[in-house]
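Engineer: This is the structure I have questions about; it appears just below.
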């Protein structure tokens with residue numbers, strides 16, 4: 001009995017030792033990965049890095065003109081590194097050609113870079129952030145910002161009977177800044193009462209319960225921020241055009257010639273089509289599979305291109321240069337949506 005207990009303790013200790021060694025190897029590989037990333041930085045960025053600090057990556061963040069902008073320090077946001085840093089402070093600096101300047105406190109919120117009103121003068125600026133822990137460990141990252149114009153109104157179509165028990169969710173697409181105070185929603189210019197019966201709110205999403213055709217309309221979300229330098233709230237808006245349609249027929253017909261007539265040394269192609277029964281539904285996905293059953297994408301030699309319009313989805317299989325090895329091969333066209341799955345095959349033959 002004593003011997004069995006000793007053997008068990010030995011194996012448990014060995015397992016813990018192996019796991020610890022494996023974890024150390026993983027951490028070392030992560031560090032090596034970011035060291036290599038540091039080596040690829042342009043000189044105008046790398047010259048400002050502190051050799052004592054670990055490098056934690058770069059981030060290219062999008063910003064909208066006239067709206068708030070925020071960015072996290074890359075190592076804090078990166079899933080490979082974030083677990084290493086818990087209690088820390090973040091210092092932000094703006095990188096210029098021959099100097100770096102500390103970012104003022106008014107442009108930092110909760111440790112993130114914060115610009116209350118992003119204008120063109122901020123575009124393409126580079127920022128260096130340094131994360132320092134209580135133990136004195138430090139890691140640095142580089143952030144660049146670029147202007148991106150948000151869509152004015154994004155259309156969304158919902159078919160009754162699809163996910164009625166979950167409701168229709170509308171996302172307020174404020175992708176450029178966090179730390180907002182609250183969001184108010186309007187339908188057709190009238191403020192929505194969040195009563196948790198017909199309408200509820202979860203973060204940036206409005207959920208419309210018990211969907212019906214009358215829920216169609218224009219939905220605007222107004223995002224309220226605050227800033228110590230501005231008396232009134234900063235307000236940013238996004239728009240959705242919701243169209244609710246009756247339940248549709250999701251059947252479709254798959255069309256494909258059973259033979260591909262080819263000539264050695266020349267290109268060839270064949271198109272597989274899916275025609276939906278309902279013109280309002282465009283939910284069929286088509287994939288080509290090679291003789292081994294693997295999906296064909298943008299491969300060399302043989303590749304497929306997918307297009308969709310007006311209830312008709314097409315996937316064209318292209319052969320850049322037909323060789324003898326293709327003759328006799330059978331390729332499968334698979335069309336499917338949430339409800340149905342269909343396949344047809346075609347064989348390569350010499351003309």
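Even glycines carry a Cβ here, placed using N, Cα and C.
As listed in Swiss-Prot for this protein:
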DISULFID  73-129  disulfide bond
DISULFID  172-221  disulfide bond
DISULFID  272-333  disulfide bond
DOMAIN    65-137  domain 'Ig-like C2-type 1'
DOMAIN    155-237  domain 'Ig-like C2-type 2'
DOMAIN    246-345  domain 'Ig-like V-type'
CARBOHYD  117  N-linked glycosylation site
CARBOHYD  182  N-linked glycosylation site
CARBOHYD  261  N-linked glycosylation site
CARBOHYD  269  N-linked glycosylation site
CARBOHYD  321  N-linked glycosylation site
SIGNAL    1-23  signal peptide
Engineer: Pop the mean pLDDT for the domain 'Ig-like C2-type 2' (155-237) in here, whole number is fine.
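Structural biologist: Reported value for the domain 'Ig-like C2-type 2' (155-237) is a mean pLDDT of 90.
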Engineer: Could you check which of the glycosylation sites (117, 269, 321) sits closest to residue 221 (disulfide bond), going Cα to Cα?
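Structural biologist: Going through 117, 269, 321 one by one, the closest to residue 221 (disulfide bond) is 117.
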Engineer: For residue 172 (disulfide bond), which residues of its chain lie six or more apart in sequence with Cβ-Cβ distance below 8 Å?
Structural biologist: 183, 185, 204, 205, 206, 221, 223, 238
Engineer: Go ahead and report the DSSP secondary structure tallies for the domain 'Ig-like V-type' (246-345): helix first, then strand, then coil.
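Structural biologist: Grouping H, G, I as helix and E, B as strand yields 3 helix, 53 strand, 44 coil.
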Engineer: Tell me the Cα distance separating residue 182 (N-linked glycosylation site) from residue 117 (N-linked glycosylation site), rounded to the nearest angstrom.
Structural biologist: 18
Engineer: Have a look around residue 261 (N-linked glycosylation site) and count the other CB atoms within 10 A of its CB, chains all included.
Structural biologist: 11
Engineer: Looking at the recorded positions 73, 129, 269, 272, 321, which has the shortest Cα distance to residue 182 (N-linked glycosylation site)?
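Structural biologist: So, spelling it out, the nearest of the recorded positions is 73.
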Engineer: To the nearest Å, how far is the Cα of residue 272 (disulfide bond) from the Cα of residue 261 (N-linked glycosylation site)?
Structural biologist: 15
Engineer: Out of 73, 129, 269, which of these recorded positions is nearest residue 321 (N-linked glycosylation site) by C-alpha distance?
Structural biologist: 269
Engineer: Taking just the CA atoms, what is the gap between residue 269 (N-linked glycosylation site) and residue 73 (disulfide bond) in Å?
Structural biologist: 49
Engineer: Rounded to a whole number, how many Å is the Cα of residue 129 (disulfide bond) away from the Cα of residue 261 (N-linked glycosylation site)?
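Structural biologist: Just about 61 Å between their Cα atoms.
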